[in-house]
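I have placed the structure first, in the form of C-alpha cells, so that the comments after it can refer back to it.
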C-alpha cells in the first residue's frame, strides 16, 4: 500500500473490489499508469461468497488463476437448486465435462484482498483508507470527470486530476447516483437479505461428484429463498432472501406477538423461522451451531441507464446489481472491469472513437446484466408461483442484444416480430428457468449419451416442439435437453476470452491479447 496520493494520474480507479482491482490490473499490464483509491483498508468484510466457473478464465487472463487455486478456497463442483418442494432439486454441474472447471466459494475479505494485492504487484498504485469526497467535471463538458477531492481519517485532504476514470465504488455508485442520477430500480426485485455463519453443518451429496456443492432452496411459503454456502474457514454462510413487503409483514407480526423482545431478537426469530421454511436446508444444518451475529442488507436490484460517457466507465455494483441468486455478482464485476479496461485502451490507442468505445461498454454491460436478469426473474417466477408482470424491468434493446438468437426459439419461428411482448418475455423466463431443471446425475449422463450431438452445449438452440419430437416419451432426455438449451445463452459467457474475443457488439469485438488490448472493427 502506497502512502502519498499523487496530484495527477492518467487513469484513476475508484474502488478496490473485484471490478476495480480487475480493471486496474488489466490496464496496468497494458503499460498504462493507473492509481486506485479504496476507502477501506483491506482485508474488509463483504458478502457475495459464491462464484461461477467464468471467474477462473478471467483471472487466468491477468495471471492470477494460480493464486486462486492455491489459496485453499472451497471447491464448488456445481450448485443444487430446489425451487419446488414437490420435485427433486435441480443441479447445475460445472465439472461433468472438465474437472478443472470447478468454481470456488470464497471468503470475500480474503478473495478481494488477493485481487487488490495482485493489482499492486502488476503495477497499480494502490491507496487504501482514501475516501472520495467529490468529483469535478470539465467546465465545457459537464459530464466528463477531470479530477476529484479525497480525504483520510487523519483529516488530510487532497485533489488528484486524471484523464480517465473507472467508477467501481460499489453500491454507492458515486457517478451514477450523485452526478449522473441515472440509476433505475427493478420493481420486481425489491428484496431483503438476512444472513449469518454456522459451524458443524453437514454437506450436500457426500461421497458423490456433487459433494459439498452449495444449496439454494425456495421457501415453502413462496416469500423468498435461502442459501447454504460452505466456506474453507470451517463456517457455512446461511442466508434468507425475502420479498421486502413480506419481510416487513413478518417482522410486524413478530413485534405484535413478542412486545418484550428487542429488534435484534425479533430479527433472529424471523431468520430462524424462515430457515424452517426450507426443509432441505434444515437437514443440512443438522445440529450445527450459529456463530456471531446476524447481518442484513437491502437487495434492491438496479441498473444504470448508461455505463459509460466521455472518459469514464462504470463497473461492477457501481453500475448494476441483480440479486444474490445464481451468484452473478463477481462475474458481472469482472465483465464490467474487463470491458471498461478494453474500451479505455481502445480509445487511447485510436482503435475507435471515444463515443464508439462508450457505446461498446454500454452494450456489453447491459447485455450481460440482462442475460442474468432473465434467469433470475425466471427463478423468482417459479418461487412465487405466479405470472408476475416483469416487462417494465427489462430494457428491450438489451433484451434484443442478449437473446437475439433465443427469440426465434421462444416464438417458434425464424422471424421475430418488431416488439418485445409480455407473453414473449414470460416464455423466455420459463425457458431460462430450465437452467435448474431437476435431473439425477446417473440418468442425466445416460440421457446425454442417448442424445449424442444434440447435447453439444455449443450446438444450435432447439425450440420446444423440436425437443418434444426428438425425445418422445423419454422424459429424462427431454429434461436434459431443456436444461442444455436453457444454459446456452449463458454458456458463452463462461469463457471470457471467447466471449469478449468473438461476440460482436456495435460492429466491434475485443482484441484479447496482452500488450495490444483494445477493440477491433469488423
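Cβ atoms are placed via backbone N, Cα and C, with glycine included.
Sequence-distant neighbours of residue 16 (FAD binding site): residues of the same chain at least 6 apart with a C-beta under 8 Å from its C-beta are 36, 38, 40, 42, 112, 116, 119, 126, 128. Positions annotated as FAD binding site by Swiss-Prot: 16, 19, 49, 330.
What Swiss-Prot records for 328, 329 is chloride binding site. In this structure, residue 328 (chloride binding site) belongs to neither helix nor strand by DSSP; it is coil. Listed in sequence order, 52, 322, 372, 376 are the same-chain residues at least 6 apart in sequence whose CB falls under 8 Å from the CB of residue 328 (chloride binding site).
For residue 329 (chloride binding site), applying a Cβ distance below 8 Å and a minimum sequence separation of six or more within one chain yields 48, 317, 321, 322.
The DSSP secondary structure for residue 19 (FAD binding site) is helix.
Looking at 19, 330, the binding-site residues in this record, the fewest other C-beta atoms within 10 angstroms of the C-beta turn up around 330. Packing around residue 49 (FAD binding site) is summarised by its Cβ count: 27 other Cβ atoms lie within 10 angstroms of its Cβ, all protein chains included.
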